[in-house]
Amino acid sequence: MEFRFKKRPRTDVKIEVVSLESKYPHNVMMYYYPPTDDIHIEEFEELALERLRLLRVLERAGTKGLRLLSEEWKEYVNAELTREGLRSYLRLCSPGGASGQGSKHESEIQTRRRDYLSHFILRLAYCRSEDLTRWFVAREMELFRYKFAALSSAEVKLFLEENDFKFQPLTESEKDEVKDGLYESTAGQSVSKIELLDFYKVPFTQVLDLVRGRRCYLKEGFAYVNTHDLVSIVGTKQQEIIEMGLLASKGLIDEVEGDERISRMLKALHNSYTGKDYTVCRDAAVAIESLNQLSKTSMPLCMRMCHEHIRAQHHVKHGGRMQYGLFLKGIGVTLEDSIRFWREEFTKKMDADKFTRSYEYNIHHNYGKKGSMVNYTPYSCSKIIKEMAAPGDCHGCPYKSVDPATLKTKLASYGLSTSHIEEVMFFVSRGHYQIACGKYFMLTHNSNVEPTINHPNTYFEESQILMGNRQKRTAGSMPLKTKPRPDIKGHADRSMFNGDDDDELWKIAETQERAYQSQKDISEAFNDDLDLTDITF
C-alpha cells in the first residue's frame, strides 16, 4: 500500500507594522481601545506609579481650593509637575503638538505612549471599589480637560474629525446671523476675540451644564458653543468611555489577579508612596548632638513628638523605634551614631548588655547590615497616617491620632498663637492631615510658600534648605565625592521615565534600593515579559 502525503499550500502571514506615531497621533486621546503593546513587567509598574504621581498633583491642586483651569491652578500644577519630574506630561498639556502632522520628537511620541498605556493599567487598580473608581474618574477628567484646553481651534477641528464627532464650525455667514447672541453669551472675551473663535451648533441637551451656567447662546433648540467650551460635549463622551472601561475591567479582576507579579502591586497602588526615596542619604551626616535643636526647628510634629518621648521616657515601643529610627537614617544619622543615640537613652533604664541583646541587632537590620540585608526606607506620610497607635505609643500621625484639645495644647506649647492654631486645626478637622502639616511648616518657618508634605524627610529637607543649611538639589547636580553603588544589579534604563530633570545616577541607585526592599519576592519575575494582550481592560 502506498501512502502519498499531500502538501498543504503555504500561506505567508503578513504582519502589519504600525509606527508609534500612527498608534498615538495626538496628545489628547479618547482611550477607546485597550493597548496591544508588549511591555516588561518593570515598565508596567513604572507606568502605574508615574501616572499615579500625575493624578496626585491634580488632587493636591483641588484640595488647595484652586478652580480648575484657572491661572492659579495652572501655575500650581505646572510647578508641581516640574518638581515631580513629569515635564514630559506637562508638554501634553501645552499648546501645540496635538496634531499628527509633521515629524515628532521621539520623546513626545513616547510620552503619548506612556500616557495611553498607564491609563489602562490604572483601570485595573481603580475598578475595585466605588470610592476608587470615583477618585480615578474625577482625576482623569481633570487631566483630559487640561489637555483639551491647550488645543488650538485647528487642532480641535482635527480632533473632532479623528474621533468621529459630527460637528462642523459655523461658516462666516451663519456666524453673522447670530453674532449679537454670541457677543452677549460669551463672557470674558472681547468682541474682536469672539470674532476669531470658532462656534459649533449642537442640540442644547448635549451641553446642559453650559445652559445651566448661561455660558452659551440658545436658539430654536440649539446651543452655539465656542471651541473652548466644546470640552463639555467631548468630556461627557470621554467619561462614559472611562466608566464603561472600568466596569469591563472589574469583571475580569479574578483573571488579572491570577498573575502574582501584578496583583499585589495593583491592590496596594492607591496607597503607594510615589515621592522621593530617602533610603540613601545624599547629604552630610547629622550628628546626634544636634537632634535636640533640630527637633525644634526642622522636624515635623510626628518626629518631634517621638524625639521628646524618647528623651523623657528613655524608651519607646517597636512602632516608634521603626518610625523615628528610619527617619534619623534618612536625614543622615550614621549607623554608629544611631546605635550610640539609642544606647545612651535606653541604658538610662536598662543595663548595656540587655540593650545589646534586645535592640542593637534591629538597628543593624534597619541599615541593611544584618539579616536579609535590606536597607529599609523611612516611612512616608501615607504609611504613618495609617498606623494605629495604642496607648503609650508615640508613633503615628499626631494630627490624626491626638485628640483636638491635646493637640491644641501641644501646638500652643510650641509657640503657635491662637489664630495660627485654628488655621492648622481647620485642616485637621477635615481630615487633611498633610495639608495641616504644610500649614504648620509655614507658620513655624515664617514662610509664604506652603510646601507639599508627603514624607517627614521631605519636611526636614525643606526646612534645612529654607534655613540655609542645605542646598536645593537641581537637575544634574551630584556631589563629586559620592558615587553610585557598584554592587547594585539590574541597572534599568530609566532615562525616558525620569526625563532630564533628576540626577540619573542617584535615581538608579535609589530606585534599585527601593525595588529590592519592597519587591524582592518578585524580582526574579522581572526577567519575564508581560504581554498586555493577555489582559482585557
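Glycine is no exception: its Cβ is also placed from the backbone N, Cα and C atoms.
Taking TrEMBL as the reference, the stretch among 96-120, 471-495 described by the feature region 'Disordered' is residues 471-495. For the binding-site residues Cys302, Cys381, Cys397, the greatest number of Cβ atoms within 10 Å around a candidate Cβ is found at Cys302. If you take the C-beta of Cys437 ([4Fe-4S] cluster binding site) and look for same-chain residues 6 or more apart in sequence within under 8 angstroms, you find Pro300, Leu301, Cys381, Tyr399, Ile453, Tyr459. Same-chain residues that are not part of Cys302, Cys381, Cys397, Cys437 yet have a Cβ within 8 Å of the Cβ center of the [4Fe-4S] cluster site turn out to be Pro300, Leu301, Ile384, Ile385, Pro398, Tyr399, Lys400, Tyr433, Gln434, Ile453, Pro456.
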